[in-house]
Amino acid sequence: MLKMDVIRLIVFVCCMMLLQTGRANSSGCSDVNFVQRSTWGASSPRSTTSLARNLDYYIIHHTDGGSCSTQSACSRRVRGIQNHHKNTRDWDDIGYNFLIGGDNRVYVGRGWNNQGAHASSYNSRSIGISMIGNYVSVQPSSGMMTALENLRQCGVDLGKVKSGYHACGHSDFSSTLCPGSALRSLVNGWGRCDR
């Protein structure tokens, strides 16, 4: 009898550990369809800098290039962005924490735990999310915007970003056209950008 109780306890503890592990990483948010780095074919970062919890900001970007509508096409685009950031800009990794494709999937860049390279003096205080494509005159699809909203809520649910976070466009912090006028008008409509 005692041996059976010990086995049940071990099984229970193992199950609880697996559940906690799932909640602690990006797969813990069921409304977000994450594409992990290994799936999109990321190269290893040269180095990483840890990012704190309870961050103040989401900073929204666009990639200012072609859009994509399938996982394979979006994965190619994300690999190309990572190559550009590492080889041309000489960054340690892709600059964004997450990217959202026209397939409504969220591609993990630096993720929740590593500081991005997307908004110079705000990198240590923010999660950088880039919408794949150019949004100067065209808005992202409703599916992409839903993925963005779900990702923002996921960060709050995981305790990575404060519930009273600020959400701003890249151009709120730098002289740039990013995230494009059409996307910026949507971000401004949230009324959450306060620097």
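Backbone N, Cα and C atoms are what each Cβ position is placed from, and that goes for glycine too.
TrEMBL has this to say about the protein:
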- 1-24: signal peptide (SIGNAL)
- C29-C154: disulfide bond (DISULFID)
- 32-174: domain 'Peptidoglycan recognition protein family' (DOMAIN)
- 43-180: domain 'N-acetylmuramoyl-L-alanine amidase' (DOMAIN)
- C68-C74: disulfide bond (DISULFID)
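Annotated pair C74 (disulfide bond) and C154 (disulfide bond), C-alpha to C-alpha distance, rounded: 22 Å. Taking the domain 'N-acetylmuramoyl-L-alanine amidase' (43-180) as a whole, pLDDT averages 94 in the prediction.
Taking a C-beta cut-off of under 8 angstroms and a sequence separation of 6 or more, C68 (disulfide bond) has the following same-chain neighbours: C74, R76, R77, G101, G102, D103, I132, G133. DSSP places the residues of the domain 'N-acetylmuramoyl-L-alanine amidase' (43-180) in helix, strand and coil in these numbers: 43 helix, 31 strand, 64 coil.
Less than 8 angstroms from the CB of C29 (disulfide bond) sit N150, L151, Q153, C154, D157, L158, each of them six or more residues away in the same chain.
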